[in-house]
Ligand SMILES: Nc1ncnc2c1ncn2[C@@H]1O[C@H](COP(=O)(O)OP(=O)(O)OP(=O)(O)O)[C@@H](O)[C@H]1O
Ligand SMILES: [Mg+2]
């Protein structure tokens, strides 16, 4: 687990990745085994997420001089674990996790609400990133709800994502950028369903089955923050991370974890009832949860 806090060092840290250390001392400074274990035990039904995130993080952290920043994009429908995984990752990388001064979280509704101010947003976003990378090259930038971002805005960060040596006099190749969106979720769900109908196991779904559909969907959808974006066109995303729709038995696992976390007794009847109370699609087969595990926590109280 996540018990490395006691070895975490001073509260205000020098500017670097705050490796939290592992509970097992032999693991050394590498967070990878801990992150991998956490993902393997706590993230349900997302084999590709585990694979892609670990690949990205491992390559990036093992390289003392990365040629470009790590850019990952999380896609999937609601409640499939995008926010959950991004905060888990950040917690391993930075002391104080999302509260770290080196972690910057953008939400379009909060930070860029007015379409008519897009030019101002472009300037301030560029300056914000530039300033923070000058201050700390090991910064992380999370762009949540990319589908609510005004198209065109995100392209101002293109210079920070590529492999050039420096931009505006700053080495920015140790930064991490994570985009999160529901865009592509429908395509992921359709492919997963089609493969299920073709009797292909969920674990057999490959990135190649999904990535082209996701890229196409986000690039061609005017409702997506990546609409006609150079970020897609110039292939600046290193790791596309698809979150598959969750099935009934995954939801049950979420219910169990939630009960344990709330200190409640795990009664099979309750687990079943909570999982049954969630809507599933498609209409006939009722295979996948329409809200993933999102409403699990709030539903539990109704069944206790
Ligand atoms: N694959 C999963 N494995 C374990 N728990 C999950 C998973 N997906 C979701 N959960 C649980 O459900 C909660 C809600 O999920 P999360 O906030 O990560 O969804 P999301 O993909 O970000 O959805 P949205 O697109 O609506 O933002 C999480 O806090 C976690 O407890
Ligand atoms: Mg989310």
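Any Cβ shown, glycine's included, is placed from N, Cα and C.
Positions annotated as ATP binding site by TrEMBL: 76, 77, 78, 79, 80, 81, 82, 83. Among the features that TrEMBL reports, domain 'Torsin-1A C-terminal' is placed at 246-303.
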Worksheet item: Least buried of the binding-site residues 76, 81, going by other Cβ atoms within 10 Å?
Response: 81
Response to the item:
Least crowded of the binding-site residues 77, 83, counting other Cβ atoms within 10 Å of each Cβ, is 83
Discussion item. Counting across all protein chains present, how many other Cβ atoms fall within 10 Å of the Cβ of residue 78 (ATP binding site)?
Written reply: 16
Practice prompt. May I ask which of the binding-site residues 77, 79, 82, 83 have a CB within less than 6 Å of any atom of ligand 2, listed in sequence order?
Written response: 82, 83
Practice prompt. Go through the binding-site residues 77, 80, 82, 83 and pull out the ones with a Cβ less than 6 angstroms from some atom of ligand 1.
Written response: 80, 82, 83
Practice prompt. With DSSP as the reference, give the number of residues of the domain 'Torsin-1A C-terminal' (246-303) in helix, strand and coil.
Written response: 31 helix, 5 strand, 22 coil
Worksheet item: Around the ATP site recorded as 76, 77, 78, 79, 80, 81, 82, 83, what other same-chain residues have a C-beta within 8 angstroms of the site's C-beta center?
Response: 84, 182, 185, 243, 292, 294
Item to complete: Quick one: give me the count of other CB atoms within 10 A of the CB of residue 82 (ATP binding site).
Response: 25
Worksheet item: Which residues of the same chain, at least 6 positions away in sequence, have a Cβ lying under 8 Å from the Cβ of residue 80 (ATP binding site)?
Response: 46, 185, 243, 244, 245, 246, 292, 293
